[in-house]
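Quick look at what TrEMBL lists:
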SIGNAL    1-20  signal peptide
DOMAIN    22-129  domain 'Gnk2-homologous'
DOMAIN    135-241  domain 'Gnk2-homologous'
TRANSMEM  275-297  transmembrane segment
DOMAIN    335-500  domain 'Protein kinase'
BINDING   Lys363  ATP binding site
Amino acid sequence: MDPPKLPLLLLLTFASAINAQFFPKPYCGSTGNFSADSTYQTTLATLLSSISTTNSLSLTYGFFNASSAVSGASQTLYVIGSCHGDLTAESCRTCLDDSASDIRRLCPLQKEAVLYSENCSVRYSNTSIFRIVKTDPYYVLNNVNDVTSPDTYNAALQTLLGRLRGEAAGGGSLRKYATGSTAVDFDTIYAMTQCTPDLTDQQCSDCLVKVIPRLSPCCAGKMGVRIMAPSCQFQYETNDRFFDPVGKPLPPSPAPVADALPPPPGGKSNLNRTVIIVVATSVSAVFLVGVIVLLRVKRKKQPRQRVEGEAADEISTVESLQFDFGTIREATDNFSNSNKLGQGGFGAVYMGRFFNGQEIAVKRLSHNSSQGEVEFKNEVMLLAKLQHRNLVRLLGFCLEGVERLLIYEFVPNSSLDQFIFDPLKRANLNWDRRQKIIMGVARGLLYLHEDSRLRIIHRDLKASNILLDSDMNPKISDFGMARLFELDQTQAETNRIVGT
């Protein structure tokens with residue numbers, strides 16, 4: 001089927017679920033027609049009508065597929081039906097039945113077609129569509145109302161959709177559907193992602209990677225969007241749990257059954273079991289005592305690092321800022337050298353761009369840096385709790401496998417050292433700008449030392465850690481070596497030399 005030249009875009013105002021008056025939406029293919037009363041038409045009618053009679057397990061989970069050779073012709077017809085993941089099996093069958101009738105009525109003689117309904121979709125073709133990713137034609141509906149803080153909202157939405165993309169892709173061979181929510185400012189974003197379960201995990205992820213960026217041309221910053229494609233779809237809404245089940249939800253995909261272990265031979269089973277229990281208990285007890293002793297010794301040796309250690313352990317409390325690795329890899333063009341901004345002591349920094357056009361800077365920590373792990377946790381925990389116009393803003397982080405990424409707002413004029421030590425750029429630093437930079441850095445330090453709810457010493461303040469935005473406003477960055485102080489604490493000891 002040839003992809004449409006333009007997306008099927010419909011701008012709607014809706015407060016909750018998309019109104020049914022905008023469905024069904026057909027896309028009748030342009031690859032050819034069949035004759036009325038032909039064997040092709042008879043075969044198609046038989047396949048579509050089998051939805052109402054099939055007892056297949058897959059339909060219980062909201063999915064239908066079937067194929068049949070066309071009598072007297074060297075071709076095969078393929079049909080796929082897919083329901084929204086929160087439908088009951090009975091509601092799913094009804095929706096697919098109605099859509100099967102609609103697609104025959106609205107695309108009466110086309111050899112292939114797609115029809116989108118509010119709660120399901122049906123498509124057929126004379127070329128195989130099983131286990132193949134199809135992202136066209138697609139249908140877009142969006143809320144015309146705008147969010148109040150688009151940058152913050154879109155960053156949270158990006159993170160949520162990235163997480164749900166992974167969950168849907170890993171859903172198994174019966175259903176690939178995920179829902180979730182995240183808080184942003186005073187609102188809550190509710191979202192869902194779904195693929196047809198005949199796709200592999202990677203195919204599902206790839207499909208959503210292609211479809212989600214279609215937000216950007218039409219709908220970035222809108223309070224709600226739904227985009228439906230043949231192989232996958234997603235939807236989000238603000239302050240509206242649109243995905244609540246209309247009835248009894250579909251049963252969860254069955255877990256794989258582990259092979260039963262055969263019983264030990266002879267009459268030694270009880271004796272063997274007793275020996276195993278005694279040995280396992282003894283080893284566990286020794287290990288537990290060793291861990292307790294080690295922790296006590298370590299705590300005595302590092303009494304002053306208590307606050308920093310607790311902050312590192314609390315990284316899970318800022319989970320709402322977490323991006324998935326695939327989203328950042330796509331934004332940076334797979335960390336290409338053309339996007340590389342520089343190389344620091346703990347890793348490289350790359351420029352990136354989200355699907356909504358927002359520019360970001362990504363610090364990718366070196367995989368073999370144990371000290372970088374500490375810096376990563378320290379920076380996430382501190383910057384997540386700090387907000388000031390003269391501090392660089394942390395948009396989020398990625399903690400996936402060996403990857404440690406920090407995602408910041410993009411500051412276009414690089415760092416102060418690029419101006420100070422460049423004989424040409426130095427001319428841009430007239431005395432008014434120098435005073436502006438000095439006063440901005442001073443305000444940032446005053447906030448860290450006196451006005452923030454945390455007391456923080458940066459410990460690595462230098463020209464390369466002062467970033468300059470498009471208006472040459474300074475922003476203090478790189479809090480990897482920063483240290484927390486108690487509110488009434490005036491001095492502390494350190495066991496290593498840091499900073500410059």
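Heads up, residue numbers simply count up from 1 along the chain you see.
Each residue, glycine too, has its Cβ placed from N, Cα and C.
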The domain 'Gnk2-homologous' (22-129): DSSP-derived helix, strand, coil residue counts: 37 helix, 31 strand, 40 coil
Per-state residue totals over the domain 'Gnk2-homologous' (135-241) - DSSP helix, strand, coil: 39 helix, 37 strand, 31 coil
Segment confidence, the domain 'Gnk2-homologous' (22-129), expressed as mean pLDDT: 89
